[in-house]
Amino acid sequence: MRTRRPGQLWATLLALGALAGVVVGESNICTTRGVNSCQQCLAVSPVCAWCSDESLPQNSPRCNLKKNLLKDKCSPESIEFPVSEAQILEALPLSSKGSGDSAQITQVSPQRIALRLRPDDSKIFSLQVRQVEDYPVDIYYLMDLSFSMKDDLSSIQTLGTKLASQMRKLTSNLRIGFGAFVDKPVSPYMFISPPQAIKNPCYTMKSTCLPMFGYKHVLTLTDQVTRFNDEVKKQSVSRNRDAPEGGFDAIMQATVCDEKIGWRNDASHLLVFTTDAKTHIALDGRLAGIVLPNDGRCHIGPDNHYSASTTMDYPSLGLMTEKLSQKNINLIFAVTENVVSLYQNYSELIPGTTVGVLSDDSSNVLQLIVDAYGKIRSKVELEVRDLPEELSLSFNATCLNNEVIPGLKSCVGLKIGDTVSFSIEAKVRGCPQQKEQSFTIKPVGFKDSLTVQVTFDCDCDCQAFAQPLSPRCNNGNGTFECGVCRCDQGWLGSMCECSEEDYRPSQQEECSPKEGQPICSQRGECLCGQCVCHSSDFGKITGKYCECDDFSCVRYKGEMCSGHGQCNCGDCVCDSDWTGYYCNCTTRTDTCMSTNGLLCSGRGNCECGSCVCVQPGSYGDTCEKCPTCPDACSFKKDCVECKKFNRGKLHEENNCNRFCRDDIELVKELTDTGKNAVNCTYKNEDDCVVRFQYYEDSSGRAVLYVVEEPECPKGPDILVVLLSVMGAILLIGLATLLIWKLLITIHDRKEFAKFEEERARAKWDTANNPLYKEATSTFTNITYRGT
């Protein structure tokens with residue numbers, strides 16, 4: 001995460017500052033330790049060099065910084081200054097696929113490295129790991145055949161065929177085997193009364209079952225999956241007396257009996273352990289008088305039964321972890337809900353182990369195995385074997401998106417074919433007695449490994465030319481070595497010219513750094529002008545004036561330098577992975593990694609191996625709890641968009657695998673999976689409603705159940721729209737006509753009423769119609785004068 005980069009820069013500056021303090025502080029550490037030999041000089045600090053040139057001026061210190069020695073005219077070929085280095089001895093390229101010749105498959109590179117380290121120095125080297133595609137897989141199914149698993153036995157009778165069908169999608173080279181266990185066939189674990197119960201433990205239940213057995217190997221790993229089905233069908237259950245089973249005995253024998261089981265060297269090894277009960281552990285055998293500790297060896301007899309079941313105790317978790325690691329076996333606990341928390345605790349102590357919740361009848365075991373294999377293949381975790389006590393290692397992981405995560409030696413959320421790298425710093429404390437040693441770094445469950453050969457460069461080349469009884473050392477009172485005299489016992493001085501028996505008080509002023517200060521810091525005797533430091537039960541006193549020791553550093557919780565460093569003249573020199581004045585602050589970050597793959601859940605900073613939550617409202621060991629933070633629906637929505645629909649900000653930033661570690665399963669509809677389930681709904685960019693459920697089971701496995709088809713609004717029906725438009729136009733036209741007719745009618749009625757009103761008010765005079773003409777007309781002749 002980008003928020004960690006300032007922390008990395010600060011750590012780098014602190015380291016550089018510490019180194020600078022050694023060189024340019026108030027005093028030069030190389031000249032203040034009072035060393036008088038080349039070997040002692042190299043042990044003071046990685047920055048110190050020794051000059052064996054006899055022509056070096058007498059007042060010039062031979063143990064000094066290299067640049068100072070050159071200034072003092074020391075010839076370059078006479079300067080002893082070994083430099084720590086790393087050399088790659090073998091580095092085969094990483095393979096891309098696992099098919100073909102398995103001997104040529106390489107998942108770890110380089111394979112061999114040689115380190116040369118001088119005292120208290122360190123060197124960084126790199127390691128790359130790739131989960132190759134189509135890698136061979138061996139699956140050994142180890143089943144509890146106690147009476148309570150009777151229904152489970154019938155459920156797995158066709159498991160071989162189904163498992164092969166599913167696993168063929170992941171590998172073309174699969175082999176499967178079968179074994180069974182109950183418990184030690186001895187009282188008090190078995191029924192011994194009535195006598196018939198010995199041969200038939202189900203006698204009191206009016207039923208028949210097999211005599212009790214510890215562990216039996218049934219089917220050697222084979223690619224003939226039908227044989228698995230046939231052998232399972234032949235099996236019958238037995239019955240034990242107490243609740244815990246003897247499963248750890250079976251795990252141990254299935255792990256160490258390579259030839260019987262048929263584990264291949266070049267394959268992934270999966271040991272599937274199924275049970276519905278607790279299991280006995282080391283020292284439980286004493287209940288039956290069995291006191292002989294488990295020896296971690298194969299004891300399967302000719303009858304394929306565990307022959308030491310009644311004579312050897314159950315194995316311890318530590319022994320089991322050691323053997324599983326040696327044989328590169330990944331253990332899968334497929335257990336029922338009632339004991340899942342117990343086996344979850346076991347898995348935290350056994351690297352490379354996963355836990356799945358088994359249904360009461362084992363009907364889900366197929367999906368459980370496939371999911372567990374996917375989880376195993378999605379993680380790379382380094383383990384270290386045979387590390388010398390004087391060496392300490394610190395890791396930085398580069399997982400996805402080339403992001404460096406300090407203090408981490410594992411990567412999760414990977415896909416098959418992904419390549420991850422680790423930067424490893426090896427630091428030596430002091431100078432080990434055994435000058436050449438080796439150790440191994442390997443990913444858990446991988447056969448491939450990196451072998452690191454270490455040579456501790458504690459000696460000087462000039463020591464090979466030492467001259468015992470040299471005349472230069474006062475006529476043979478010492479050995480002339482690397483330009484100085486190494487005096488024999490009883491002689492002191494630069495040329496071994498002074499006998500310890502010659503005591504002159506006038507020389508005591510040379511044993512005090514300043515006038516008035518104690519002689520030899522009151523921790524030594526001044527002989528011949530030199531301090532001979534006292535021996536101490538607490539440690540070693542050194543220095544020109546006996547001013548230094550390796551036991552006067554600060555203590556934290558009762559341990560010097562917190563038990564994570566060495567005391568060097570009052571200062572703690574911390575081991576790798578530790579820092580601070582007390583060396584009480586770890587630089588590892590794996591303890592801060594949350595289940596979602598983020599440091600402190602992305603809500604805090606990792607300081608000294610603990611999360612300091614900075615987002616308001618967040619709390620928990622990894623800041624995983626935050627009631628006021630955006631809820632799970634808001635956080636998981638981006639993962640659904642990325643993994644299901646291949647879009648969203650996580651997809652654009654290529655961070656899908658990094659932030660989304662949950663399994664996604666597509667369903668037709670959401671069901672009630674219990675109180676640990678959260679139903680979520682959101683509307684996507686297409687305006688569709690997406691429904692999903694976030695569920696985390698008791699084993700810690702998180703699943704996103706996503707409804708396959710989002711609920712999107714339906715598109716418009718063209719015919720309906722067309723008819724609707726036409727109908728609307730027709731209705732509008734009819735409405736317009738009706739309104740127009742109504743208005744006309746209203747208007748006519750108003751006019752008629754007005755006419756009637758005016759007619760009623762009108763008053764007419766009687767007169768002839770001026771237009772009316774009678775039918776006859778009378779004319780008078782004005783010229784007629786008759787009578």
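Note that Cβ sites are derived from N, Cα and C of the backbone, with glycine treated the same way.
If you look up Swiss-Prot, you'll see C30-C48 (among others) marked as disulfide bond. Sequence-distant contacts of C30 (disulfide bond), defined as residues of its own chain at least six apart whose C-beta falls under 8 angstroms from its C-beta, comprise C41, V44, S45, V47, C48, A49, P61, C63, N64, L65.
Annotation source Swiss-Prot lists disulfide bond at C202-C209 (among others). Counting only same-chain residues six or more apart in sequence, the Cβ atoms lying under 8 angstroms from the Cβ of C202 (disulfide bond) belong to F147, T208, C209, R239.
Positions annotated as disulfide bond by Swiss-Prot: C399-C411 (among others). DSSP assigns C411 (disulfide bond) to a strand in the three-state reduction. The Cβ neighbour count for C411 (disulfide bond), using a 10 Å radius over every protein chain in view, is 24.
For C431-C458 (among others), the entry in Swiss-Prot reads disulfide bond, with the evidence type similarity to another entry. Cβ neighbours of C458 (disulfide bond) (same chain, under 8 Å, six or more residues apart in sequence): Q39, L42, A43, R118, P119, C431, P432, K435.
DSSP assigns C462 (disulfide bond) to a helix in the three-state reduction. Remark: C462 (disulfide bond) has C38, W50, S52, S78, E80, E481, C482, G483 as non-local neighbours, by Cβ distance under 8 Å and separation of at least 6 in sequence. The annotation disulfide bond is assigned in Swiss-Prot to C462-C482 (among others) on the grounds of sequence analysis.
Under DSSP, C487 (disulfide bond) is assigned to a strand (E or B) in the three-state scheme. The Cβ of C487 (disulfide bond) has C473, N477, G478, G493, C496 as same-chain neighbours under 8 Å, each 6 or more residues away in sequence. The disulfide bond annotation in Swiss-Prot covers C487-C496 (among others).
As annotated by Swiss-Prot, disulfide bond applies to C520-C531 (among others), with the evidence given as sequence analysis. Around C520 (disulfide bond), the same-chain residues six or more apart in sequence whose CB sits under 8 Å from its CB are C511, S512, C526, C531, V532, C533, Y545, C546, listed in sequence order. Classification of C520 (disulfide bond) by DSSP places it within a helix.
Summarising the annotation, Swiss-Prot assigns disulfide bond to C533-C546 (among others). A coil conformation is recorded for C546 (disulfide bond) in the three-state DSSP classification, outside any helix or strand.
For C572 (disulfide bond), applying a Cβ distance below 8 Å and a minimum sequence separation of six or more within one chain yields C553, V554, M560, C561, G565, Q566, Y581, Y582, C583. What Swiss-Prot records for C561-C572 (among others) is disulfide bond, and it gives sequence analysis as the kind of evidence.
Counting every protein chain shown, the Cβ of C600 (disulfide bond) has 27 other Cβ atoms within 10 Å. Annotation source Swiss-Prot lists disulfide bond at C600-C611 (among others).
Look at C629 (disulfide bond): DSSP puts it in coil. Annotated disulfide bond per Swiss-Prot: C626-C629 (among others), in sequence order, evidence recorded as similarity to another entry.
The C-beta environment of C680 (disulfide bond), restricted to residues of the same chain at least 6 apart in sequence and closer than 8 Å, consists of A632, C633, K636, K637, R691, F692, Q693, Y694. What Swiss-Prot lists as disulfide bond is C633-C680 (among others), and the listing cites similarity to another entry.
Sequence annotations record features per position, and here Swiss-Prot assigns domain 'I-EGF 2' to 498-547.
Among the features that Swiss-Prot reports, N-linked glycosylation site is placed at N345 (among others), with the record citing sequence analysis. Cβ neighbours of N345 (N-linked glycosylation site) (same chain, under 8 Å, six or more residues apart in sequence): none.
Per Swiss-Prot, the feature N-linked glycosylation site maps to N396 (among others); the stated evidence is sequence analysis. In the three-state DSSP scheme, N396 (N-linked glycosylation site) is classed as strand.
The N-linked glycosylation site annotation in Swiss-Prot covers N477 (among others) and is backed by sequence analysis. DSSP classifies N477 (N-linked glycosylation site) as coil under the three-state reduction.
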**Report entry** Length of the line joining the Cα atoms of C629 (disulfide bond) and C399 (disulfide bond), in Å
**Finding:** 27
Report task. Return the member of C411, N584, C600, C611, C626 nearest to T778 (phosphothreonine) in space, with distance defined Cα to Cα and candidates limited to these recorded positions. Result -> C626
Query - Protein Cβ atoms within 10 Å of C431 (disulfide bond), excluding its own - result: 18
Query raised in the report: CA-CA, which of the recorded positions N396, C411, C611 lies nearest N584 (N-linked glycosylation site)?
Result: C611
**Report entry** Integer Cα-Cα distance in angstrom, C626 (disulfide bond) to C600 (disulfide bond)
**Finding:** 12
Query raised in the report: Is C496 (disulfide bond) helix, strand or coil when read with DSSP?
Result: coil
Report summary line: Per DSSP (three-state), N345 (N-linked glycosylation site) is helix
Report task. Check the Cα-Cα distances from C611 (disulfide bond) to the recorded positions N396, C399, N679 and tell me which is shortest. Result -> N396
Query - Most crowded position, judged by CB atoms within 10 A, among C531, C626, C629 as disulfide-bonded residues - result: C531
